[in-house]
Each structure stands twice: as structure tokens, then as C-alpha cells.
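The annotation beta-D-galactoside binding site is assigned in Swiss-Prot to TRP257, GLY258, SER259, GLU260, GLU261, ARG262, LYS263 on the grounds of similarity to another entry. Look at Swiss-Prot and you will find 19-150 tagged as domain 'Galectin 1'. For 196-324, the entry in Swiss-Prot reads domain 'Galectin 2'. Feature annotation from Swiss-Prot assigns phosphoserine to SER259.
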Amino acid sequence: MAYVPAPGYQPTYNPTLPYKRPIPGGLSVGMSIYIQGIAKDNMRRFHVNFAVGQDEGADIAFHFNPRFDGWDKVVFNTMQSGQWGKEEKKKSMPFQKGHHFELVFMVMSEHYKVVVNGTPFYEYGHRLPLQMVTHLQVDGDLELQSINFLGGQPAASQYPGTMTIPAYPSAGYNPPQMNSLPVMAGPPIFNPPVPYVGTLQGGLTARRTIIIKGYVLPTAKNLIINFKVGSTGDIAFHMNPRIGDCVVRNSYMNGSWGSEERKIPYNPFGAGQFFDLSIRCGTDRFKVFANGQHLFDFSHRFQAFQRVDMLEIKGDITLSYVQI
């Protein structure tokens, strides 16, 4: 079953290195780039480049370069006409060898804002117009799990915060037919606290997609995601991943739990790992994708699913991004 990304949300899972690909729609204020991966045990350095074109020797608007070399630091720079500019550096290393990480670049009007594992790390002022940037390059001593482009204007004013996600970018990308695209209603929330309760404005509708990105704590036992009717407490869809075991699905209606569903091809929730969930509401079922792979379907038991107006997330996790 093919994974259909939501509008404005462009993920690539398990890309190979070196990664050199166009930025969908080009770089613009308000865009965020999420990079999830693992720093290798023998890591010495890696880099992320925001490049002006795909050719060798192309200008690099922003060079991000963590270095484990006895003087652990992160170097920032710009290259124009084959010449590097003045280095900026921070003598602090937010990455740990052998550990998962989440690296976020937020494109602001005056600078790039770098966030590592949910903590703001650095701001790098634009030396080249960001509109010139066309490609993202990643290489070095790391393993990539996913790269996500969250696109467009208007700009987010701060981190955490919100920004509006527009429709699919057009340049360099041919989207599926419009009738196959999920509909996303609300702005994304960055780094919301756990437990999280969000309001589904207008209720749950067919073809609406919920995106949840987070991190399973190393000591985690489980987490819970509920699609609820606020006025009654009914739970149309209860999803309960149990770390190292199974993913339980159920519903709670009229004061009683229904029959559990547990069968899945694999459990994508591991202690100390990031996850990327896409939950799409259809006319007769929920479709759940984890890290771009179909995980399971859950048929509607609560037929008036349009009355579902709350999303509840709790458990042994941190959240980096929720789009409702």
C-alpha cells in the first residue's frame, strides 16, 4: 500500500549517502527541514549543505559541519566562487556517537535557526539570498533515517511555535492527483508538551491526515494516542504501542472497551528511537503509516467519526512535531 504524504510534507525515508537532492519548491521563509539519523560510533565529522545548484563546486549558502576531532565543535560557513568565507564556530557538540538525533533547520527571514533534539543550538545569518538555494546535501559519518521538508510561507516566528503549511510545492515534484491527497486543516505545533491535547477544528473528516513526530524515551514502556469525542469521552480510535511488544488498537464507547486488535507486521516503536506517524481518516477506516510504511488499518466502530474533535497523546515520549 503506497504511502501518500500530506500536502506540504515531503518525507524521504532511509536515504543513501551521499544525499544530494533538490529541495521541493526551493527554499523559502517558514520552511523547516527535519533530519533524523544516527551518529556512527566512529564519527569524526559530517556536513549538511544548502547548495546553489547541483554541480560540483556550486556555491554553498550554508555549510553545517559537526567535527569530533579532539576539539569537539560545529563549524558554520558559506562558499562563494570556490572560496570559503569567514568561519563561525560553536565549541559545543550536541551529537553523541552511537546515538539517534533529530536535526532541524528552520528558515527565517534573517537567518537559519538550528535546533538539535528539540533544543535551539545556533542561528546563522544569511550571506546569500535564500531564494538561490536549490539543493540539500548531506554526507559523512552518520546513518540517515529520514529527511522531511515542511514547506512554505508565512514564516514561523519562533521555536517552538506554529506556521502555516501550504499546498504541495510545484518545482521538481509531480504530486499525485488532487483527489488522492489528504487534507490537513490545522497549523503544525513544534515541540508540544506531553501529555498533549489538541482540538480538531471542524471535527474529524474523511481524508484528513494527522502527522505525529516524536522520540521514544530510552526507558519507555508505552504510549497512547486517542481520537476522542470531547463531549462524551468516547474514544473512536485508541492506539497503544507497547515498547518491545505490540501495538494495541481499540475503541471505548458508552463506557466500555471493545475488542482489542494486535496483529501488525512489525513494531516500529523502539526505546531510544524517533518515529514518524501518519494517521489518515477514511470513510470506513483509519490508515496508519509509520516511517513511511503501512502499519495497519482500523475500521471505524464509531460511525459518526465526524464528532471526534480531540487528539490526545501521552506516555513515555517527547514530541517534536504534531500536525492536526
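Any Cβ shown, glycine's included, is placed from N, Cα and C.
Keep in mind the model is a prediction, meaning the values are calculated, not measured.
Location within the structure of each feature annotated in Swiss-Prot.
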residue	record	Cβ within 10 Å
TRP257	beta-D-galactoside binding site	11
GLY258	beta-D-galactoside binding site	14
SER259	beta-D-galactoside binding site	8
GLU260	beta-D-galactoside binding site	12
GLU261	beta-D-galactoside binding site	17
ARG262	beta-D-galactoside binding site	13
LYS263	beta-D-galactoside binding site	8
Overall pLDDT of the domain 'Galectin 1' (19-150), taken as the mean: 94
Per-state residue totals over the domain 'Galectin 2' (196-324) - DSSP helix, strand, coil: 3 helix, 72 strand, 54 coil
Three-state composition of the domain 'Galectin 1' (19-150), taking helix and strand from DSSP: 3 helix, 76 strand, 53 coil
